[in-house]
């Protein structure tokens, strides 16, 4: 009873804190609050509090249930939210390199944890006895590696999708460009002396516009490079986790079902996902290929991860159906 109450408290604390953090992030986009009262640093500390809250939640559920909390969809979602918190912690303590990971990790963590605690999963939040197939030491190794891999790959893929949005976003003419265009049209109505005077002002405006455009394009280029830098490294880490998870799952399957690979729906989609991200990493090894191409592949991988993660749970078929929506 005590553990159940503690779990309930930690769930609400972590969700409340991360909700406040996300609100602060949105406010800093609208108003420059970080220079006024240092809200941005406070939001980072909020994610740290959330990390420890989710960690306490997982440990409490572990002690309460008597097994590692990865036996159903609810527990795996909480663990996935914890994985996003870990990624944010890495960016928080790596302050030498400014990055925008928090813009991805915070909304992702609150969305996943919000879905897990929304009541849509029926009785899954209640701890239950493990089915015989899950009563193995391989549970911790296999499922934790897969979820960590999903978290890292999702985060890296979202960064790649942000790269595509920034790259293909059409930037409209600036106020200076519009102003210059109007002034050039007005010069046709005046004499030569006035024309010379106005064009001298236009030259100053044009120089200001060039400097502004150069500065804007420079920071845009820097942001694209930073997104590509972090997406590659996070996806590489996620690919390692996914590989270890698939291999450990194959060994576990051989011990349980007598075969390393059964082409179960989840196994098939995991293999497809692994192949897509292997293609991504192969593309990144070629420096002559633009980062846009690899970002497109990562975006495809983002969709495949959700199919692999939720597909079997929605259908409730195959050897991995014990964590589905239909099983209670």
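The chain as shown is numbered from 1 upward.
Every residue, even glycine, has its Cβ placed from backbone N, Cα and C.
As annotated in Swiss-Prot, transmembrane segment covers the listed stretch 263-283 rather than the other ranges in 200-220, 263-283. 146-166 is the stretch from 73-93, 146-166, 263-283 with the greatest number of Cβ pairs below 8 Å to the transmembrane segment (234-254). Proximity of distant same-chain residues to the transmembrane segment (263-283), defined by a Cβ-Cβ separation under 8 Å and at least 6 residues beyond the stretch ends, is recorded for 146, 153, 235-236, 238-239, 242-243, 246, 249, 289, 293-294, 297-298, 300-301, 304-305, 307-308, 311-312, 315, 317-320.
A Cβ distance under 8 Å defines the sequence-distant neighbours of the transmembrane segment (146-166), meaning residues of its chain 6+ beyond its ends; these are 70, 76, 79-80, 83-84, 86-87, 100-101, 103-105, 108, 220, 223-224, 227-228, 230-235, 237-246, 249, 270, 273, 277, 291-292, 294-296, 298-299, 301-302, 305, 309.
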